[in-house]
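Q: Got a structure for you, questions after.
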Amino acid sequence: MKLHEYEAKELFSKYGVKIPPGRVATTPEEVRKIAEEIGGPVVLKAQVVVAGRGKAGGIKVAKTPEEAYELATKMFGMNIKGLVVKKIYVTKYVEVEREMYLSLIIDRATRRYLFLASPIGGVDIEEIAKTQPEKIKRVYVDPSVGLRDYHVRSIVLWLGFKPETPQWRQASSIVQAMYNIMVDYDAELVESNPLAVTREGDVIPLDARVIVDDNALYKHPELEKALEEDPRDVSEFEMYAKKIGFHYVELDGDVGIIGNGAGLTMATMDLVYHFGGRPANFLDIGGGASRDVVKEALKVLLRHPRVKVIFMNIFGGITRADEVAAGVEAALAEEGGTKKKIVVRMKGTNEELGRQMLAKLGIPLYENAEEAAQKAVELARA
């Protein structure tokens, strides 16, 4: 789950980090009111969970409440990388002396947390890595040991702060807060870009990003509720799949994919790519899928406007072919049939019974996965 900037900054504030005054608005009138309350110049930030908002016109500075109102009327409804602007974060404009970069991620290769710090901020860390890799410091933290003072000192020194000054203490507290957020909220990313030193001498995060592991959302009901109220970059189909309990990822192709097991599903996607097609999704119904799970999974793709063909690749170990066929039958019955072509390759437990059930629906069963994938791609092109 990707948090909006205002949500991420609320977390930072909760952990004692100073942030500029600001609130989120859903109408131009609210934007004007917040700007009046803040006083002076304000920054309007479109709340969409994608990078590059500024280049797309999603970040503007307003000197007066009226200017903020006018800018907001244009900003609401903007499409930024496929996401529509429905919220604007209005925050006090801050003059800065310098900008830095600081993030915390999970390094899966070493199974440790990894801080990335650079005295250069406000630009993509990937760009810094390409042009000035020597400017990036990597500090690994073993989760079994936790964050220690020597970790913090190493990071803060690299960012250019003098020991035991007020700025040193502020920067140190930000490092500690980011680590605590990472651990407490099961995050995959905690980032401030830029982390800034203001004209007043404060160290504050001008921007903040937090991504929480979707598999840990059950531990954070307030975030689950926020995601339900505002799906952000999660499609309606992904939200539905999450509620039903199977794994679904939205892609940009037109061949719908259903498999049982992550490995088989990814291999099925590879086959579609191999024959020149483009998968519309990743959908894993898991092992031992019941009739109802298959039914709900198929309904997602039957309703998806971009899906032209549905390719089901099922290996029946603990998953029974007749249960899968029954799920297909139930989905078509509930949806009143479909004009979309369904291609099925199914092997294993109760395979013959499943074949007979699908034959009654006019759906042929393919023996070979390559042949089935090729047929699915051909039908999508037709």
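Positions of Cβ are set from backbone N, Cα and C atoms, glycine also.
Straight from Swiss-Prot, here's the annotation block:
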BINDING   Lys45, Gly52, Arg53, Gly54, Val94, Glu99  ATP binding site
BINDING   Asn193, Asp207  Mg(2+) binding site
BINDING   Asn260, Gly317, Ile318, Thr319  substrate binding site
DOMAIN    9-240  domain 'ATP-grasp'
Q: Do me a favour and check the Cα-Cα span between Val94 (ATP binding site) and Ile318 (substrate binding site); whole Å is fine.
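A: Distance (Cα to Cα, whole Å): 60 Å.
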Q: Can you tell me how spread out the ATP site is, meaning the largest CA to CA distance among Lys45, Gly52, Arg53, Gly54, Val94, Glu99, in Å?
A: 20
Q: Suppose we draw a 10 Å sphere around the Cβ of Ile318 (substrate binding site). How many other Cβ atoms does it contain, all chains included?
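A: Other Cβ atoms within 10 Å of Ile318 (substrate binding site): 12.
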Q: Measuring Cα to Cα across Asn260, Gly317, Ile318, Thr319, which the record gives as the substrate binders, how far apart are the two most distant ones in Å?
A: 10
Q: Using all protein chains in view, find how many other C-beta atoms are within 10 Å of the C-beta of Lys45 (ATP binding site).
A: 24
Q: Where does Glu99 (ATP binding site) sit by DSSP, helix, strand or coil?
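A: Reduced to three states, the DSSP call for Glu99 (ATP binding site) is strand.
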Q: Using a 10 Å radius around each Cβ and counting other Cβ atoms from all shown chains, which of the binding-site residues Asn193, Asn260, Thr319 yields the largest count?
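A: Compared across Asn193, Asn260, Thr319, the most Cβ atoms within 10 Å surround Asn260.
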Q: Quick one: of the binding-site residues Asp207, Asn260, Gly317, Thr319, which has its CA closest to the CA of Glu99 (ATP binding site)?
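A: If we rank Asp207, Asn260, Gly317, Thr319 by Cα distance to Glu99 (ATP binding site), first place goes to Asp207.
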Q: Please work out the number of neighbouring Cβ atoms within 10 Å of the Cβ of Asp207 (Mg(2+) binding site), leaving out its own Cβ.
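A: A 10 Å sphere around the Cβ of Asp207 (Mg(2+) binding site) contains 20 other Cβ atoms.
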